């Protein structure tokens, strides 16, 4: 018992020290942000310490002394300090990039830790850029790390990005992708763009050496409900690690001018395919492109949230498919129904709880007595649904999903196609259930 008590005591002290370090680092970064030069040393010589540190890179003919000096004299801005930005920034700092800027407006969450390798458990609740900058400066005092703890938008993007040699897009939403692309074109900065979802990733270099920009390939944004991010579809932790490391490699090639030898291409990675990598050749800059074309029509940064129909947030937008408020119940109201059913006699037909998530999500967690029929199987299992409903003798059906979105589709289906009016959506889904009813219910 005494030994465990001492272990807990030491762990508590470590946690306090880590939190204190993050607070000190945040203040230091804020003060250094006002100093233009910071620790960014330039010149045509490496110190003995730097030669010793980067000796394994100096031995590579493609890098050598001149390449290492180019890395040391360069500045790179990484937009996003998450799954892609973490490994990318980690290797850029360790390989000798002179000035490294980080942009992110989010805080570290426990769900980030399986892939966002710059952050630790002690960083949860702390600004991502502060957490990342702390880890990077601990790794290399030779790298001048600048933290921009802001939401990048059309009012500040050019000001923040101006002065950097290369920009890395390590974000996961369309609005920021278009914003960063347009700003890079207008400022004449090469853009290294990556993405990672589930088991797949992509990598492209835009606005470089006559190659295309993002808008050349995607003139108009996809519909908001057609895009996916990690919080909705998931991602294997190592996938953004693979893409983020490759983004760092592309930065090195650009800075050392090795990239000029290559034609524009899109690199595709998939965990499931053999080989894992495929390369697709891209066309050069599109003369009719709205941003980088011969006669651009977009000459200034615009409202990208309005342009894309969605903003830079991991949170899924709340759907409003059911206009009649009487067709929805709160989690608290359903909890009362649940308790009343438990207290009723065993022979009573209380209600049917229909969980419409896919089988993978249902296996993670579920409410008691829930019946799982995924929404995308409703048509194929229509007969099964009809039998379930007919056996209720008029008792209500409650549909639930993760966030209370697709469950509204389930209510519409049952009311319109099965002609069963006693069907209700549990607003907010299991996320709201964990927040409003049961704090011990798993959150994912």
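Quick reminder: no glycine exception, Cβ is built from N, Cα and C everywhere.
Any TrEMBL annotation is an automated prediction that lacks curation.
Among the features that TrEMBL reports, active site, glycyl thioester intermediate is placed at 230. Reduced to three states, the DSSP call for residue 230 (active site, glycyl thioester intermediate) is helix.
The active site, cysteine persulfide intermediate annotation in TrEMBL covers 401. Every protein chain shown contributes to the tally, and the Cβ of residue 401 (active site, cysteine persulfide intermediate) ends up with 25 other Cβ atoms within 10 Å.
The ATP binding site annotation in TrEMBL covers 83, 104, 111, 112, 113, 114, 115, 128, 172, 173. Just so you know, the Cβ of residue 111 (ATP binding site) picks up 14 other Cβ atoms within 10 Å once every protein chain is counted.
Under the heading Zn(2+) binding site, TrEMBL lists 213, 216, 289, 292. Cβ-based neighbour count (10 Å, all protein chains) for residue 213 (Zn(2+) binding site) stands at 23.
What TrEMBL lists as coiled coil is 7-39.
Among the features that TrEMBL reports, domain 'Rhodanese' is placed at 347-442. Note: the domain 'Rhodanese' (347-442) comprises 38 helix, 14 strand, 44 coil (DSSP; helix = H, G, I, strand = E, B).
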Counting across all protein chains shown, how many other Cβ atoms sit within 10 Å of the Cβ of residue 216 (Zn(2+) binding site)?
25
Given residue 216 (Zn(2+) binding site) and residue 83 (ATP binding site), what distance in Å do their CA atoms have, once rounded to a whole number?
26
I need the nearest neighbour of residue 213 (Zn(2+) binding site) among the recorded positions 111, 113, 115, 230, 401, using C-alpha distances.
230
Among 113, 230, 289, 292, the one of these recorded positions whose Cβ has the fewest neighbouring Cβ atoms within 10 Å:
113
C-alpha spacing of residue 292 (Zn(2+) binding site) relative to residue 115 (ATP binding site), in angstrom:
34
Please report the number of other Cβ atoms within 10 Å of the Cβ of residue 115 (ATP binding site).
22
